[in-house]
Structures are given as C-alpha cells and as structure tokens.
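Peer 1: For reference, the structure I am asking about is given below.
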C-alpha cells in the first residue's frame, strides 16, 4: 500500500475526532501535503487537491495561517493556500483574510520566491502598497537595493495606489544598508519637495534612526522637533540613544524629561538605561545614579540587567571596583542574575585600579564556575598579562580561546607581539605570527610591523 493511499484511507474516516480543534487538524493536513508533495507549479504538474476537500468544514483564517506558518516547504504552503482559496464544498463560505495573504507572502518571500508571490497577489488583486513594502524589505535583506528602489518607483507611478508603506520600507532598507545619505535624499525629495507621501511616525522614526546612526545628530534633532505626527516610544528612545552616543547627555536628559511629562508616552526601561549608560560613559556617575533613583521611584518601569551593567561598567571605568561589586550585590538582591558582561566590567575595573592580581584571580574564578566566557573577557586578561610582561601566559589564553571556538581579536595578538618584542623574545613572536591564522585571526600591517621593527632593532644592536 502506498503512503498516499494509506493517508487517504485514514483521513477519509469520520473527522469528528479532528474537529475539536486546530491542534488535531493541522497535523492531518500536513500529513496529506507531505504525501502529495507538491512542487513548484511552474515546473511540475500539481497533484489533485481533492483529498483536501475533507477539511473544508474546518477552514478558518486562523487555521490557514497556522498551517502556512508550520509548513517548512513553501510549495506545500502555496498548494494548500491555493486549494483553500476555493474549497469544495465550502459550507462555511470561507474566504481568505488579509492575514492569510500576509502569511503566504511572508512564506514565499522567505524562500526568495518573489515571482510566485507577486503572481499570486496580482491574481487575487492583493498586490497593494503594504504588500510591496514586504517585497522591498525582502529584497533589501538580500542586498538587492536596485530591485528595492525599482519596486518603490513602480508604486510611486501609481500602479498599486498609495506608496507610504513601500516608501517606509525603502527608507528602512537604505538605513540598514548604511545608505543613509540616499535615504536622506529620498526624504527630501519624496516627502519635502514633491509631497508624494504624508510621513507617519514610522517614516520619521526610520529617518531619525539613520541620521543618528551616522552621527548627523543635528539633522536628527531638527527632524524630531518638526515631526507633524505624534511621537512613539521608539522615536524617543532612538533620539536619546543618538544624543548619548555623541556625548550630548544634557540633550538626552531634555528628551527624557519630555517623556516624563507625556502621559501618552512615558519613558520605559530602555529610555532610562540608555541615559544612565550615557552618563556613566561621560564619567558623570552622580547624574547616572540620580537617573537610576528616578527610575526606581517612578514605579513605571524596573531596572534590568542592562541597567545595572551600565552602572557597574561606569563605576569600573572610574576604577571604583569595590562600589561596582556592591552594585552587583544590589542587582542580585533585586532578583536579577549577573552575566558575562557584568564580570567583564569587573575585570576591567580591577585592571584600571591597578589590581592586576585580583583581576587574574577573578578571571580564574569565572573559569572554575563554568561561565561561558567571550572574547571580551579573555581580551582584558590577555592585555593585562602583556602589560605585566607575561606574554607567555597571554599566549596560553589565546590558545585556550581558539580551542573553545572563540577567535582571539587582532588587538589581543598585537598586544602580545609588543610584549614579546619588548622582552626580545623574537623567535616566539615569529612563531606566533605563523600560528595566527590557525587560531582564527589574520595578521595586519601592525602585526608584521611590530615583529619586523623588533628584528631590525636586534640586527642593529648586533652591528
């Protein structure tokens, strides 16, 4: 008995045991589709879908979306969607909802089946501005910027109606690809000069994100102030982050104060944490703690691990590692667990405070506790060993990193080269230079220069 016949006989039995919910129906539908195994309809003849008719009474938009999302083969999803478009019989007068079209479009685009998705939507008269936005994003994710731009201009020419969604998608694609100048030019042309679209909060937020990304904070602030629509939480948080990255914490504080006075959009944990981190990186720990206390006393949002880590890192950068440890204890008492970032900050703090032995001891304790150390944790101690004139121990750590699947950074190798050359360990430096690629790192100009200059110096000394 073939698999198809077996499945067919099983599923043509009364379905009363399946009708209790989609959890039972979905596996049955997937089993039938697996048996039929439909392929690309453009290159293969589609099987007879009549075996699916027994599920007609079960059809709902939610079930169709679940089936499409659960299937891994996009052709199975398309075959099922096509059948469900006109099931026979259709006692419940089932029709696909907007979310069904979104689900099948997302499934096809995730498998790069752009043409199939476009034909499907055009056949059902669903190739809307919203859907084109999905195509633009999918092309952008693949680096197909020319196709993304081409699609937008098709929409702009009026082929599918309005173009706000597709325009927002294009802005997002350009910003993600670091083509912020192009995005800014499109904004000036499409929004300001030609008024092709009326920007919404997504338009402004995406453009502000891009401007902040490349450090054009003055333009970002101007756009933020000129917004003709209401701002949302993401808009506020992006501009706060942009100010903090430029060291303009006073401006970031002004934005947060606006949020505090806005009942519709009060600051959240991200808002406070970003500003706290900005204060800490500027060495203004008093302001960071004031902001932290305001956050806690407000009662609207709770500090998270990132909040505490920002404070701990700020203390450590100032060499106040003991206070940082007390802050870590406070974090634990609040029910949060410290992580690798917490302990890496402590390692830096010990080193900055000149307490190298304690840094190394803490690092070894981390290893003994089975923590999954990352490259940053190792790099701190590698660098400290080099400062102490103990490059051999630094090399041991580099080897351990490579053995653990962590690629040592180029900066770590170059620090070791400097230490070896300073100690006139030229042969060890040359050997390490040869081993670098095996350990997951390629030497650069500085790597070669450190060794070559050391060798030249040795030769001059001999002369």
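Cβ from N, Cα, C; glycine included.
Feature list, courtesy of TrEMBL:
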| type | residues | note |
| --- | --- | --- |
| REPEAT | 200-230 | repeat 'PPR' |
| REPEAT | 232-266 | repeat 'PPR' |
| REPEAT | 268-302 | repeat 'PPR' |
| REPEAT | 304-338 | repeat 'PPR' |
| REPEAT | 339-373 | repeat 'PPR' |
| REPEAT | 374-408 | repeat 'PPR' |
| REPEAT | 409-443 | repeat 'PPR' |
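Please go over these features one by one and say how buried each is and what sits next to it.
Peer 2: Through the fold, the repeat 'PPR' (200-230) approaches residues 164, 167-168, 171-172, 174-175, 178, 180-181, 183-184, 187, 191, 238-239, 241-243, 245-246, 248, 251, 264-265 of its own chain, all at least 6 residues removed from its boundaries and within a Cβ separation under 8 Å.
Long-range contacts of the repeat 'PPR' (232-266) within the same chain, counting only residues at least 6 positions beyond its ends with a Cβ under 8 Å from a Cβ of the stretch, are 201, 204-205, 208-209, 211-212, 215, 217, 220-221, 224, 272, 274-275, 277-279, 281-282, 284, 287, 291, 298, 300.
Sequence-distant contacts of the repeat 'PPR' (268-302), counting only residues of its own chain at least 6 positions beyond either end whose CB sits under 8 Å from a CB of the stretch, comprise 233, 236-237, 240-241, 243-245, 247, 249, 252-253, 256, 259-260, 310-311, 313-315, 317-318.
Mean model confidence for the repeat 'PPR' (304-338) is a pLDDT of 95.
Helix, strand and coil residue tallies for the repeat 'PPR' (339-373), in that order: 26 helix, 0 strand, 9 coil [DSSP].
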